[in-house]
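Engineer: Let me give you the structure first, and then I'll get to my questions.
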Amino acid sequence: MTTIRQQRSSLLKGWPQFCEWVTSTDNRIYVGWFGVLMIPCLLAAAICFVVAFIAAPPVDIDGIREPVAGSFLYGNNIISGAVVPSSNAIGLHFYPIWEAATLDEWLYNGGPYQLVIFHFLIGICGWMGRQWELSYRLGMRPWICVAYSAPVSAAFAVFLVYPFGQGSFSDGMPLGISGTFNFMFVFQAEHNILMHPFHMAGVAGMFGGSLFSAMHGSLVTSSLIRETTETESQNYGYKFGQEEETYNIVAAHGYFGRLIFQYASFNNSRSLHFFLAIFPVVCVWLTSMGICTMAFNLNGFNFNQSVVDANGKVVPTWGDVLNRANLGMEVMHERNAHNFPLDLAAAESTSVALVAPSIG
C-alpha cells in the first residue's frame, strides 16, 4: 500500500508540472492545450501524406474497378502525383483502417485520403485554437486566429462540405498539384463557379489584398525616417523594440492622397492595418460560403442563350462560349464512368460564332 501511494503521489505531482509546461509562454515554441491536440494530428496527417504520395497503390476513385495511380512508385512525378480521394463505392462512409477486411482493400479504396484530411482538419483547427490561446496568455486581442479562420473555412469547404453535398468523398479535392487543377476544372464544369458572385468576391480579395499589401509595403519603405548615412542600409536605422515611429505616416498619407484623392488614404495607422487584414479575410469567407452553396448544387449564374433578337433568334455571346467549355470539360471528366452528361441530351446544339464574318 505504501508503494502504491508513493507512485500515485509522484504522478499527481507531475501533472501540475506538465500543465505549467504546456501553458507556459516562456517556452521557445508555445504548446498550449490546443497544441496537445494539434501536434499529433498534423504529424499523423503529414506522415501518411508523404508515405501515400511516395508509395500508395492505385485507388478505385470512381468505384468502377478502374484504379487511378497517384504515387511516385507508380510512375508519377511531383506535378502529377497526388493522394487520390477515397472510392465512390465508399461514399460518405467513415473508412478507418479497421473497417476494411485487409490493408490492401483499405489502400485500394483510398483509405489514406480520409486519414489525411480528417487529421489535417482537426490539426488546423487546433492551430487556430492555439493562436487564440497564445494571444489570450499574452494579453493580446484575438484577431490573429480570426484572420486564420479564412483558410480554415476554405479547407473545410473543399475537403468536407463539398463531399458531403455531392454524396461522396471521391468528389473531394485530390492532395496534389495536378489533382487540384483537375478539381478546379471539374468544379467549373459542374457548378460554373466563375459566374458565382461569392467566387468573384474571393478573386477580388486575393488580387485586391495583394495590391493593398504591395501598396502599403512600398509606401512605408519609401517614407522611412533615415537614421543612417547614405552609405549604410536604412534597415540598420531600426532597433527592435524602439518607441519611435520607423516611417513618416504623414508623408505616406500626403503622397497617396495626392496620387489618387485625399479620402483614398488612411490617416489612422490602426484602421489602415485593420482594413489590410479584414478585406482579404472577408472575401475568402465569402468564397468558402460559395463553395458550400455549390456543394448542394446552388450554382453560379448561367447566361446560356440569354440574348435574342427581335425575331426570337439566339444571339451567341461569351456566356454561350463559357457554357460550351463547361460541357466539354464535363464530357472529359470521368469519361469511363458514364458516356456523357445529361446536359448534352437536353437540347440541340447551337453554333457559337468565334470568327469574324467575311466581308464582300
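The backbone N, Cα and C atoms fix where each Cβ goes, and this holds for glycine too.
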Engineer: Have a look at 87-102, 103-118, 119-134, 343-358 and point to the one annotated transmembrane segment in Swiss-Prot.
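Structural biologist: The listed stretch tagged transmembrane segment in Swiss-Prot is 119-134.
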Engineer: Checking the contact step here: among the recorded positions Trp127, Tyr162, Glu190, His191, His333, Glu334, which have a Cα within 10 Å of the Cα of His216 (quinone binding site)?
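Structural biologist: Cα within 10 Å of His216 (quinone binding site): none.
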Engineer: Compare all C-alpha positions of His216, Ser265, Phe266, the record's quinone binders, and send over the largest distance in angstrom.
Structural biologist: 11
Engineer: Verify whether three or more Cβ pairs under 8 angstroms connect the transmembrane segment (275-289) with the transmembrane segment (143-157), leaving out any pair fewer than 6 apart in sequence.
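Structural biologist: Since 3 or more Cβ pairs under 8 Å link them, the transmembrane segment (143-157) and the transmembrane segment (275-289) do come into contact.
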Engineer: Which residues in the same chain, at least 6 apart in sequence, have a Cβ under 8 Å from the Cβ of Asp171 ([CaMn4O5] cluster binding site)?
Structural biologist: Pro85, Tyr162, Pro163
Engineer: Compare the C-alpha of His199 (chlorophyll a PD1 binding site) with the C-alpha of each of the binding-site residues Glu190, Phe266, His333, Glu334, and give the closest one.
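Structural biologist: Given the candidates Glu190, Phe266, His333, Glu334, the nearest one is Glu190.
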Engineer: For the quinone site (His216, Ser265, Phe266), what does the 8 A shell look like? I mean other same-chain residues with CB within 8 A of the CB centroid.
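Structural biologist: For the quinone site the neighbour list reads Met215, Leu219, Ala252, His253, Phe256, Leu272.
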